[in-house]
Amino acid sequence: MSSLSRELVFLILQFLDEEKFKETVHKLEQESGFFFNMKYFEDEVHNGNWDEVEKYLSGFTKVDDNRYSMKIFFEIRKQKYLEALDKHDRSKAVEILVKDLKVFASFNEELFKEITQLLTLENFRENEQLSKYGDTKSARAIMLVELKKLIEANPLFRDKLQFPNLKNSRLRTLINQRPNPDIKTLFVDHSCGQPNGARAPSPASNPLLGGAVPKPGGFPPLGAHVPFQPTPAPVPTPLAGWMSNPPTAAHPAVSGGPIGLGGPPIPAGLKHPRTPPTNPSVDFPSGDSEHPSKRTRPMGNDEVNLPVNVLPVSFPGHAHSQTFNATDDLPKTVARTLNQGSSPMSMDFHPIQQNLLLVGTNVGDIGLWEVGSRERLVQRNFKVWDLSACTIPLQAGLVKEPGVSVNRVIWSPDGSLFGVAYSRHLVQIYSYHGNDDVRQHLEIDAHVGGVNDLAFSHPNKQLSVITCGDDKLIKVWDAQNGAKQYTFEGHEAPVYSVCPHYKENIQFIFSTALDGKIKAWLYDNLGSRVDYDAPGRWCTTMAYSADGTRLFSCGTSKDGESHIVEWNESEGAVKRTYQGFRKRSLGVVQFDTTKNRFLAAGDDFSVKFWDMDNTQLLTNSDADGGLPASPRIRFNKDGTLLAVSANENGIKILANPEGLRMLRNYENLAFDASRASEAAKPTVNPMSSAVASSAGLTDRVGPVVGLSAMNGDVKPRITEETNDKSKIWKLSEINEPSQCRTLKLPENLRVTKISRLIYTNSGAAILALASNAIHLLWKWQRSDRNSSGKATATVSPQLWQPSSGILMTNDAADTNADEAVSCFALSKNDSYVMSASGGKISLFNMMTFKTMTTFMPPPPAATFLAFHPQDNNIIAIGMDDSTIQIYNVRVDEVKSKLKGHSKRITGLAFSNVLNVLVSSGADAQICVWSSDGWEKQKSRFLQLPPGRPPTAQSETRVQFHQDQIHFLVVHETQLAIYEATKLECVKQVVGSTRISCPDISCDVFLSSNVHPLVIAAHPHEPNQFALGLSDGSVHVFEPLESEGKWGVPPPAENGSASSVPTTPLVGGSAQDQAQR
C-alpha cells in the first residue's frame, strides 16, 4: 500500500471515530493493521471478551510470529482456561485446553502436562504457582500489565501503537481544499504554486513524516544511536519499528522470559519508576551521530533538555562550508601505482595501520602491500589447507576445475585477523602479527558453490564471521574456533552481499540476493524481518556511513543500469537517488563511503564522487587513465587514501593532501631506517621524539608531566637495548627559534596559566583549560593559505566565542586555584566537553558555550575524566580519594565504584579492542579493569629506579597506542610501554633527572620567566605540537618545511616481529588520550 493510501486510512479512522462509528473503527483498525488501539484492547480484556480480543489481535500478529506473540496468546488463553476452572465449568475448560492451549504443547510439553493436571484439582489454587491467584477482576488487571509490556516490546506492534497527531476533522478539511493532482500528502495543507515561482511550505516540517509512520514490512528505524537520551516525553515520538530501542525498565522482564504457568510478575520498575530528581537528561551525540549537514538546530532553546534527535554542531568554516572547494578533501591525486600480478577483485585497508592494503585477485592470490614504501609484504597463492576436511563436492570440483577467484577480502575491526571469501565453497581466516607475519587461522567449507561475501561482527560481544553464498544461505561462524552459530534461510536466489550493523544493543544483518531482494536478520532463528526490492534487482551491496546513521546501497541491473540510493530505514523506502552513472554500465559497479560525507563508485573508466546530501555528481577522476570500465575501489578508514583497480593487474592509490603527507612520512621512515647510523638532524629536545614522533607511540594529548623530556643534560637509558646502539633514537634539541615554525595563539588577558590542553578530534581547533577554570577555544578556518582548515603554525586561528559572549567556566567554588586539579574530556564528535576544576563536573556545548548540566559536587573531587569508547552515556571519573566512579550521565547514577589505588587517580584510558579500562595513580600503580563487569583483572606497580621513590605530587599517566593493546606510561622517573593483556613492561626509558615538562629554551618564547606546563599532539599531523605556558599563552610549533619532521626513529628489526608496535601513528580519539 502506498504512503498516501496509508495516510488516507488514518484520516478515515479519525472520521469514523468523530462520527461515533465505533465498531467500524475497530474493524478497520484490525483489517488494515495500521493502528493498534490499546484502549479498546484493554476494555475488551477487562470485560473478558476473549473471542473479540483474539480476533482483534489477529489483524496484527499470529501465535507463531515470534516469542512475544506466542506469550501474548498464551497468557490470554491461560487466563480464559483458569476462569473456566474457577467457575467449575469443566467442559469449557477441556474445550479451551484442546482447542486453544494444545498448540503450545509442541513448544513446552511439560508445561502443557502441568496445565492439564489442573483439571484434577478441586481448586487450581492448590498448585503452588497459582496459590496467589485472586479474583477474576484482579487477575485480568495483572495479566493486562504483562500483555501491554509484551505488546510494546513486540517488533510487530512497535510502529502501530500511536495514532498520528492530526487536526480535528482533517478529512473534511482536505475535501474542501481545491483539488490538485500534485498533492504529495494528506496530513498537511496543500497550497498551489505562486505565479512568481514561490514554493509551498515543505511537508518535511511535519513531525509525522520523515519516518513517523513506517510502511508495513519496511525497514524499521533501528534506534537513535545517540547518548544521553532524554526520558520519554508525553508528546508522541516518531513511531518505532521492529528494531527500535530496547524497551525501558519494564520490558527486560518479558523480552526473554518463557511462557509459564504462574502469573506474570509486576516489576519494581512499574511500581516505582525512577526519574532523576535533579539532573535533567541530556542528549549528547556521540561519534555515531548523524551527518554534519543535519546538525543545525535553533539557538536560544534550553540546551539542557535536548530532544532525542539533537545532532553534533559544526563550527563555522568547517564541515560543508560552500566557501571552499569540497573536492579538496577527496583523494584524487595518484600517489602510488602497484602491480599485483593478477587482476584485483577485492581490496581492504587495515583499520589501524592505514598504509597497509590487502588485495584478493581473480586467480585466488592474496597480497599485502605497504603502500607508502610500495613494498609487497605478503604474497600467497590459493591453496586448500586441509583437503581431507572439505566436503566431497568441493574435493571433486577442485580436481575437475582447480581455478578459484577471490570474491572478498576484509580485515577484522581490530586488524588482528583478515578473511578471504573464495568463489568455491571456502573461507580462509588469517591472523596478522605485524610486518609480513601472516599465519593460517581458520579454514571453513562454508557454502555449496561460491562464497559471495564475508564480514566480521560482534554479536554478544564475541567476534563472529558472517558469510553468504550461492546456496541461498547466510551463516554466522565463531571467529576463534570456526563453530557455526547461525544459519539464516529465506532468500530464493544466491545471496550476493551481507551488511552487519548495530544500533544501541541491537545487532542485525542486512543481506541482498541476486533476485534483488533485501532482507534483515537478527541473531536468532525467527526468520527475516524485512523483504524489500533493491533498485536494479540484481547485484546490490549495502553500506552504512562511518557514523552508522545513514544507509546506502549500490546496485547494477542485468541490463547495466546502476543505482546508488540512500534508504529511509523507518519506511523501507528510497530517500534519495544519486545521478551521474553511465546509461549502461559495462560491469557491476562497486561503491564505498567515507567521512560521513562522500560516496564513490567505479563507473565509466573512472571514479565518481558524490556528496551524500546532493544527488548530483560532485566530481570524477580517471586516475590519469588506465582504469577498467568498472574499477573496484576502497577507501582507507580516514578517507585519505583510495585504492582503485587498474588495467594490467594494477592498483592505483589516490590520496588527498593529508594522505600524501602520510605516505611521505612512511617513505621517510623507510629511508631513515636505512641511514640510522648517520647523524640526526636538530629536532625536539630529548625524549619528545621517542614518544611523539610519527614512528613512536603517538597519542594526542599527554600528562602535566609532559610526553616529553627531562630537564638538564640527560642521557636516556633504554633498558632492554642499552648495548644495541643502532636501536637508540637519534635526538637533539631546539635551541633557536629558527629551528622550527612557531605560532603564539591570540591571548586572553583573563587567563593566568594553562592547566590542560587538547586538540579537537578534527584537528581544526585547540581547547585549553586555564587554572582559573576558564576554557579557551582556538579554531582555524579554511582559507587560501590553509585549504585543509586544520591547525597549523603558519596561519593564526581565531580565539572563538559565541555571539552571547559567555565563557565556558567550571564550578570552582570553595577551591584553591593553585591546589585544584583540572581535568577534561572531549566528545569524539567535538561537540561537547566534560570538565572540572576542583568543583562540580560540568558538561558544556562547544558551539554555544552553554552549561548543559553539572553534577558530582566534591568531596571527593574529580581528578581525571574519560568517556567510554562505545557509550558516551558512561564516563569513568578518577577521584582524589583514589576511587574510580563509573557514572551514567543519562540516568544520573553511579553504576560502579572501583577501588584499587591508594592515592588520587592521575590517568585513565579505555581500550575498545580489549574492553578494558587502564587506570594509573599517584601511587605509581597501574590497574586493568574489565569494562564489562568492572572487576579488576590485574595491577602492577611501576619499576622505579633504585633510590628514586616517587614524590608526593608525582603523577602517572597512561595512553593507549592505536593498536589498543599497548599503552604508554609517563612517570616522573620514566617512560614505559606496557602490553595490556599481561600488564608486562616491554620497553622502559629511565631518566637520570626528573621528567617534568618540555625542556625548551626560553629564548624560543622570548621570556626568561615563562615555562611550559602542558603539551598536546595534533591528531593527524604527527610532527605538530601545542604548548600551554605558565603565562597563560599557547604556542603551536612544527618543523621547518625544509625539515618536514622531528627526530629519527630506530631502524626496523630484521627477521622478527617486534612485540612493540612500530606503526607510525597520527593520534587517537579523545577518549583514548591522557590529559595535559
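Cβ coordinates are placed from backbone N, Cα and C, and glycine is handled just like the others.
Summarising the annotation, TrEMBL assigns domain 'CTLH' to 34-92.
According to TrEMBL, the region 'Disordered' annotation covers 264-303 (among others).
Sequence-distant contacts of the repeat 'WD' (444-487) (same chain, six or more residues past either end, CB-CB distance under 8 Å): 389-391, 393-394, 407-413, 417, 419-429, 493-500, 502, 507, 509, 511, 513, 521, 523-525, 541, 915, 932. Summarising the annotation, TrEMBL assigns repeat 'WD' to 444-487 (among others).
Within the same chain, residues 291-293, 320, 326-327, 329-330, 332, 541, 543-547, 549-550, 552, 554-556, 562, 564, 566, 576-582, 627-635, 638-639, 642, 644-645, 654 sit at least 6 positions outside the repeat 'WD' (589-620) and bring their C-beta atoms closer than 8 Å to a C-beta of that stretch. Residues or ranges marked as repeat 'WD' by TrEMBL: 589-620 (among others).
Taken from TrEMBL, the feature repeat 'WD' applies to 898-930 (among others). Same-chain neighbours of the repeat 'WD' (898-930): 413-414, 461, 703, 821, 863-870, 876, 878-886, 936-942, 944, 950, 952-960, 963-965, 967, 969, 971, 978, 980-981, 983, 1071-1074, counting only residues six or more beyond its ends whose CB sits under 8 Å from a CB of the stretch.
Look at TrEMBL and you will find 1041-1076 (among others) tagged as region 'Disordered'.
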Model confidence over the repeat 'WD' (898-930), as mean pLDDT, sits at 92
Using DSSP, break the repeat 'WD' (589-620) down into helix, strand and coil residues and give each count. 0 helix, 18 strand, 14 coil
